[in-house]
Amino acid sequence: MTEKRAVILLSGGLDSATVVAMAKAEGYSCYTMSFDYGQRHRAELNAAARVARDLGVVEHKVIGLNLDGIGGSALTDSSIDVPETPGEGIPVTYVPARNTVFLSLALGWAEVLQARDIFIGVNAVDYSGYPDCRPEFVEAFERMANLATKAGVEGQGFRIQAPLQNMSKAQIVQAGMARGVDYSLTVSCYQADDEGRACGKCDSCRLRADGFKAAGVEDPTRYF
């Protein structure tokens, strides 16, 4: 039987951990990729490693990027405060072109691995309004992937899978629980401390807490 491989973007947060579990349940051999991109919440990298071990991925790779050299986001520029109340429009926690960059590197690894599926945990229901989390972006990137690669041109098409795209945060939590995700291993907070404890105030913390509450599941998040 031919091995079915997938490259999965794993941040270490709730959504991406759920996606790994979903892909594994579908019979994929999972290869996870995380990024040390200068984010202020580097505790998520430790969380990603924990999740990868717990879910038994084949290989977990961490790629170094200096997106903090570009700046323009509260997640990569310490001079920009992380908002603690909801605002209008695209928030300052948006990292310019982040998912485009991440998916491009995942695409390169997928081509080397001869994997045809790339999974990303973006969501367009309970989310912060980032433009690179929308279905239109995912569809456009898939078209580009099949135009810009040797494998794509030779007819071995890539699929960009975003299984959480139309799910509420509560539905995501329920899907993960059904597949054995240990959410105590994950970190979602934009300004988590070195031990992975959360602030409980940022947009990501609010979405996470609301998701557990709506799902009727005890929230294992630790706060500072």
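Note that Cβ sites are derived from N, Cα and C of the backbone, with glycine treated the same way.
Under the heading ATP binding site, Swiss-Prot lists LEU10, SER11, GLY12, GLY13, LEU14, ASP15, SER16, ALA17, THR18, VAL19, VAL20, citing sequence analysis as support. Taken residue by residue with DSSP, THR18 (ATP binding site) is part of a helix.
Sequence annotations record features per position, and here Swiss-Prot assigns Zn(2+) binding site to CYS189, CYS199, CYS202, CYS205. With a cut-off of 8 Å between CB atoms and residues at least 6 apart in sequence, the same chain places VAL82, GLU84, CYS189, TYR190, GLN191, ALA192, CYS205, TYR223, PHE224 near CYS199 (Zn(2+) binding site), listed in sequence order.
Look at CYS189 (Zn(2+) binding site): DSSP puts it in coil. Spacing of GLY12 (ATP binding site) relative to CYS202 (Zn(2+) binding site) is 17 Å (Cα to Cα, whole number).
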